[in-house]
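Everything on this sheet refers to the single structure shown next.
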Amino acid sequence: MDAQSHMSREPPPSGTAASTTAREAERRRQEEAAVYKGLMTSCRKLIEGYDAKKETPASWMDRFMDSRKRGQRAPPEEQEEEKTFLSQIFYGVLRYMPFLSILVEALLVKHTAGTAKADSTLYKIVSYLTIFRSDELGPRELANIIRPQHPPAMHCLLQFLFNAEELNDWVKREWARIYDLKYIEDDIIGGLQRRKPKFIPLLEELAEQATQVEQAEAEAQGEEAQGGLPRPPPIPPTEAVPFNLSKPKPRLLPAPFPVSREVKANPVNEKVLKRTSLQKIMRKAKTRRVEVGKKTLQKYLRQPPEGQMAGEGEAEKPALCNPPGLQTMERPSDKERIREEVEKERNAELTFAPKVGGEVPEFGEAEVRLNTAAILRADALYAKKKEKEVDILKRYAEDLRDSSEFYRWQAESRAKDAEARKTRIEQRKVEMHLSRENAIEAAENQRRMNELGAAKMREQSKIDAIRRERFLNSVLQARQSVARSIHEQRDRPRMAERKVAAAKASDAERAKRERREEWERKQKEEQREREQRNDVIRKIRAIERVSVVQTKPFDPTAASDHGLLDQMSLVELRERLALMKARDEELVKERREANVREKQDKAEQILQKAQSLSRVRALALQEATQRKTEERAERERERIREQERHEQAVVAAQKKIFDKREEQKAQQEKLATELREIAKKREFLGASREAVEAKVHEEQVKGAAREARQRQQRALINQAMVESVRAKDHTLRMQTREADMRAHKDIQDAYTHKMEDMRRQDEILKATLRSSIQAAHNEQKATEEHLKEKLASLQPYADTVKQRSIQKARERSKSPPRQDRGRRRMKDEVSIEQQAEDASARADAVPYLSTIEALRKAASKEMDMGAGREGEAVAVR
């Protein structure tokens with residue numbers, strides 16, 4: 001309470017404090033925007049710098065974060081949060097890269113002016129956060145991430161994402177190739193539409209910022225183009241003013257001629273009236289009624305009273321009706337035969353008597369005939385096998401190792417999977433046993449319920465049978481009472497029929513008298529109308545004698561001279577049509593020949609492939625046979641060589657031992673001989689002589705040892721130089737080879753990307769051309785329809801006359817010729833009237849011809865200008 005009172009007694013902040021608070025808030029917003037912008041820049045660098053061919057995502061992520069840590073001094077908590085944010089965006093964008101690439105490509109094509117291809121990675125990151133992580137981040141946090149970016153591009157991206165029609169038209173079909181269509185419609189597009197209301201404030205803010213940015217850029221460009229001067233005021237647009245045309249006076253249509261719809265009946269033939277009479281018909285009807293009554297009473301009565309049926313007096317009341325009887329039990333039945341057949345089938349199934357099979361027939365070697373699909377399959381398999389072999393060799397040359405460690409891990413994983421599968425199978429067996437017990441119990445419960453229901457149904461059927469029997473008895477009694485009442489009142493319909501016949505005769509006489517009076521009145525009216533029509537015809541003929549309209553004869557070789565472009569005569573039109581037809585026939589013939597040649601080439605290619613496959617298979621068979629033979633021979637030779645080598649080694653060892661022993665024996669003998677000789681020489685020479693000889697011998701031994709040591713050193717130096725040169729040569733050769741391979745791979749990748757971009761641009765250009773052509777066609781069609789409606793509104797009477805003349809011409813073409821002079825004369829009179837009406841319509845339509853021509857020229861000019869603008873737009877795209 002004291003704190004609140006103290007706060008209430010504090011003075012309001014002054015203007016300086018408020019401005020300081022506003023500046024502090026603005027500074028915090030700018031710092032926050034800079035932080036988010038830096039994070040997005042780091043995300044772009046992380047995604048754009050990753051190369052899947054060089055390293056894994058985890059190693060690149062660790063290396064990137066290490067380099068980022070060296071350049072920052074933030075606390076460990078913030079660094080950990082940044083690492084989590086960057087790793088989630090990095091792995092998420094990599095996971096949905098095909099999905100996001102399709103979306104960004106469509107965005108760049110749809111909004112070419114507002115987006116840039118260099119920011120494709122940024123668009124993928126924002127799209128990923130908006131589509132898949134907006135529920136976790138929330139609209140506020142996502143808006144803080146999007147605001148620091150370029151406003152026009154972000155506005156175009158969010159508009160494209162939250163527009164379901166554009167997503168369905170541009171990316172839905174391509175997305176359906178990656179994910180399920182229901183997932184795309186319900187989770188992707190539907191989720192964006194559900195989250196759209198939360199992002200409406202952000203869209204409005206981005207739209208305002210984009211408008212401000214575009215206006216600032218436009219003003220900067222305008223001032224730069226005008227040398228820094230302000231832009232002049234805009235020129236007001238031209239206002240279209242309609243032509244001051246005279247309005248036509250409406251003409252009254254002539255009253256239609258009354259058409260008689262009276263149908264005259266033919267007179268009754270006297271012979272028919274004399275042939276039959278009313279008394280005979282009455283007698284026949286009476287006889288038939290009596291017979292029908294007898295048959296009806298026979299169904300319900302045991303003994304029909306004949307006197308009462310004949311009308312000879314009253315009789316006793318009829319007896320009770322015979323009870324209805326069912327003949328179902330009297331019908332023939334074949335239940336016993338069916339029961340015997342079923343028992344025979346069951347006994348046959350339970351009797352085990354297997355059939356003894358015969359010997360397996362010997363089949364010859366079947367000839368395999370390959371069709372086109374088999375040939376293409378075998379050729380593709382052969383090409384695939386070659387590619388695999390080349391890939392294996394290349395990988396081995398690059399990595400210098402095999403996949404034995406992977407295969408060992410794979411075997412261990414499969415063993416673990418097999419153990420887990422066995423465990424699941426045992427668990428499933430237990431579950432199935434429990435399900436079986438539950439099913440047996442449920443079946444027993446259902447059987448008991450069925451028995452109770454069957455007992456209730458049997459009781460209800462008994463009650464229903466009693467009610468049905470009572471109902472049948474009541475119905476039978478009602479029918480009997482109706483039959484008695486009908487029998488009592490059989491004469492009353494005859495009296496009513498006589499009254500009705502008398503009334504009909506009087507009505508017929510009165511109608512006949514009225515028809516005669518109407519016919520006489522109609523004859524008088526037709527005579528009067530005929531005189532009026534003849535008077536009108538005489539007036540028209542007099543008018544035609546005074547002024548005769550000369551019609552220009554039709555010349556098929558001359559043009560119509562209507563002032564149109566590319567006008568021609570009928571003869572020229574037919575000749576050009578004939579030329580066009582001939583040219584089309586030539587094109588069709590050329591296409592047919594090209595198709596035939598293509599089929600022949602394809603057949604030759606298939607034949608060549610089949611021959612090459614047969615040769616490859618024959619060579620493979622021959623090589624396999626030869627390889628097996630050579631392997632067997634090589635193994636045999638190796639065994640023989642091994643045996644010979646063993647024997648030779650044994651012999652050589654024995655020989656060496658023997659030679660060594662002989663050499664030792666010879667050396668011993670030689671040494672003994674030399675000793676004996678030395679002893680003899682010593683006896684003859686003196687001590688000085690012996691000393692000189694010993695010294696000379698010692699010097700010779702030292703010189704020989706020195707020469708051998710120098711020779712060995714020179715040999716070692718030369719060998720080291722050779723090895724060094726050889727190592728350098730190998731290293732240089734490997735480096736050159738790796739550089740050539742990298743250059744070749746870069747060229748292939750650049751060519752592939754270039755061809756993909758060209759194909760995508762070609763598809764976009766084709767789609768744009770198709771849409772522009774379709775728009776021009778629709779505009780031309782709408783213009784023609786508008787001109788037709790305009791012409792019909794300007795000339796209502798002429799249009800009515802035209803439609804009437806067309807209808808009459810069609811009726812004349814369908815109706816067969818007639819020879820009646822009167823009818824032909826009426827046709828001439830109608831044609832004269834039609835000519836008079838056509839002449840008056842042409843006279844009334846003359847003031848509107850210039851207006852219609854002007855409207856047509858203006859429409860054609862607008863269509864040409866629209867087509868030119870569309871062509872320029874296509875060229876710019």
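Using the three backbone atoms N, Cα and C, a Cβ is placed for every residue, glycine included.
TrEMBL does not curate its annotations; it predicts them automatically.
Feature list (source: TrEMBL):
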type     : residues : note
REGION   : 1-32     : region 'Disordered'
COMPBIAS : 23-32    : compositional bias 'Basic and acidic residues'
REGION   : 211-247  : region 'Disordered'
COMPBIAS : 230-239  : compositional bias 'Pro residues'
REGION   : 304-336  : region 'Disordered'
COILED   : 383-428  : coiled coil
REGION   : 482-533  : region 'Disordered'
COMPBIAS : 485-533  : compositional bias 'Basic and acidic residues'
COILED   : 570-681  : coiled coil
REGION   : 775-844  : region 'Disordered'
COMPBIAS : 778-791  : compositional bias 'Basic and acidic residues'
COMPBIAS : 808-830  : compositional bias 'Basic and acidic residues'
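Across the compositional bias 'Basic and acidic residues' (485-533), DSSP helix (H, G, I), strand (E, B) and coil residues number 46 helix, 0 strand, 3 coil. Mapped onto DSSP helix, strand and coil, the compositional bias 'Basic and acidic residues' (778-791) counts 14 helix, 0 strand, 0 coil. Under DSSP, residues within the compositional bias 'Basic and acidic residues' (23-32) fall into helix, strand and coil as 10 helix, 0 strand, 0 coil. In the predicted model, the coiled coil (383-428) shows an average pLDDT of 79.
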